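Novice: Have a look at this one.
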Amino acid sequence: MTLKTEVLHILDLIPLSTSSIAPAFSIAAAFGVMVFYSGTNSIMGVILLFIPFLISSLVFRSLNKHYPNAGASYHWGLRIIGRTFGGFQAWVVTLAYLFSIPPIVIPAGEYTIDFLVSIKLLGLKALNNTLLLFFISSFWIFLAILILILGTKPTAKFTEIFLGVELFIVISFIVIGIYYLPSHIINTFSYSWFFNLHPNITGLFLTMVVAATILDGWEIDSYAAEESKNPHEWPGLSGIIGLIFVMAIYLIVMPLMLIETPLVKLSNSADPLFLWSTAVIPKYSYIIDIAVIVSTASSLWLTSFILSRAWFAMSRNGLLPNFFSKTSPRGSPYLNILIIGMILFSINFLIVFSKSIFALFSVLLSTAGIFLLGEFMLDNITGLYFFWFGHNNFHSKYHIHWIYRILILFSASFIFFIIIISLYSDFELLIAFIVLLFPSMYFIYKSRSNYKATTI
């Protein structure tokens, strides 16, 4: 029931945090929807949400210095505020990451098929072949589970290779896009893309909900804290670096896409990154699909990594059955990883072959962004409580971090406001959100009645 310690260097943690955000996949999967909601102000939506996420990363950094734990968010809430709060957060964390994985699986299959068709290894009929989509999506699930079971260090090494390929291709297209920019201007650049006093408010808030799914993932280093060589210093720091680095990529690629691609086409595209690449260098546009595929694949196993470590910690604390924390000689919680795999195979089958189930999951999966926002809001509440009431328990000299108190209060309030507006604007989403909160009572009960303390 123990993870391997002193496995990950900060040079492993930074690629994990960067790759987990999956910049290429995030842009390909989400930017078209964001442009549909708020047009050129989609960049503004990303910037606005980046602020509370950056504050959240500072909270993670501070809490990691005091409480490094595989349970991260859930553990901090439980230990700092109390068992009821921690039990509730355990369920929110579970939903946030469990619902984040299925939207990765199908695109992994679709992007792979698109690439194979573009290089003529498959015919056009393959694009509508549901059986082929199921098998290729299942292949990526199998690979993700295999990599995770091999252990943390192999997972980190696979991630570094995939991230290297992704960044090389994306940066190459950025350079080419900038080089050809003077002759490719479709929409004239405007600073209002970054800051506009009169945006479409509803569209902007919907954009920020989607943006939650392209700005999360950096926190993986916190869930890998126990496996870090320096658990009190590196986790949290590497997450901040990863978040800022990916945001820099967004602030370069997204304006280029808006300048060089018609907005109507962007907003209606299932893969706006590929659409942009056809404008930049049409003959080799298919290469961008390689970046998206490796980005999607690594995001699949890294999101599963976060969930597996959270479940490991919950099991160790008595909130889940003991087998969730059973580890292999490689230090991998292999049984709960296999459970994640079985869930993903089942969901993949149902989504691909059943339209009615697909419609149901479309509603449920749209809650992923809401629960991710909810997780970070709860983290900010934990941080606020910590800096008001618990921080000086660790220091001999009394002092107050007023900057942290103010920033965290702003961040928690801002995220809460986004959640409320989003739920108010979508009745189906509101009902799904309320229904999905009911099982949290089980986790609260287990947390209050069966809690087993752990100290790292």
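We number each residue from 1, going along the chain as drawn.
The backbone N, Cα and C atoms fix where each Cβ goes, and this holds for glycine too.
So TrEMBL lists the following for this protein:
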TRANSMEM  12-37  transmembrane segment
TRANSMEM  43-63  transmembrane segment
TRANSMEM  84-106  transmembrane segment
TRANSMEM  126-149  transmembrane segment
TRANSMEM  161-181  transmembrane segment
TRANSMEM  193-215  transmembrane segment
TRANSMEM  236-259  transmembrane segment
TRANSMEM  284-312  transmembrane segment
TRANSMEM  333-351  transmembrane segment
TRANSMEM  357-390  transmembrane segment
TRANSMEM  402-423  transmembrane segment
TRANSMEM  429-445  transmembrane segment
Novice: Between the transmembrane segment (12-37) and the transmembrane segment (284-312), are there three or more CB pairs that fall under 8 A, provided the residues in each pair are separated by 6 or more in sequence?
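Specialist: With 3 or more qualifying Cβ pairs, these stretches touch.
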Novice: If we skip the immediate neighbours and take only residues 6+ beyond the ends of the transmembrane segment (236-259), which ones have a Cβ under 8 Å from one of its Cβ atoms?
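Specialist: Cβ under 8 Å, 6 or more out: 10, 13-14, 16-18, 20-21, 23, 27, 31, 35, 40, 42-43, 46-47, 50, 53-54, 57-58, 60-65, 170, 174, 177-178, 181, 184-189, 193, 214-215, 217-222, 266, 272-273, 276.
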Novice: Have the transmembrane segment (84-106) and the transmembrane segment (126-149) got at least three CB pairs under 8 Å, pairs 6 or more apart in sequence?
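Specialist: Since 3 or more Cβ pairs under 8 Å link them, the transmembrane segment (84-106) and the transmembrane segment (126-149) do come into contact.
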Novice: Do any residues, 6 or more residues outside the transmembrane segment (193-215), come within under 8 Å Cβ-to-Cβ of it, and if so which ones?
Specialist: 21, 26-27, 29-31, 33-34, 37-50, 53, 100, 103, 243, 246-247, 250, 255, 258, 368-370, 372-373, 376, 418, 421-422, 425
Novice: With contact taken as 3 or more Cβ pairs under 8 angstroms (pairs 6 or more apart in sequence), are the transmembrane segment (43-63) and the transmembrane segment (333-351) in contact?
Specialist: no
Novice: At an 8 Å Cβ cut-off, counting only pairs 6 or more apart in sequence, do the transmembrane segment (126-149) and the transmembrane segment (402-423) clear the bar of 3 or more pairs?
Specialist: no
Novice: Which residues of the same chain, at least 6 past either end of the transmembrane segment (429-445), have a Cβ under 8 Å from a Cβ in it?
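Specialist: For the transmembrane segment (429-445), the list is 83-84, 87-88, 90-92, 95, 314, 319, 363-364, 366-367, 370-371, 422-423.
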Novice: Could you give the residue numbers and ranges of same-chain residues that sit at least 6 residues beyond the transmembrane segment (333-351) on either side and whose C-beta is under 8 angstroms from one of its C-beta atoms?
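Specialist: Counting only partners 6 or more residues beyond its ends, the transmembrane segment (333-351) has Cβ contacts under 8 Å with 3, 98, 101-102, 105-106, 134, 137-138, 141-142, 144-145, 148-149, 304, 307-309, 311-312, 315, 323-327, 357-358, 361.
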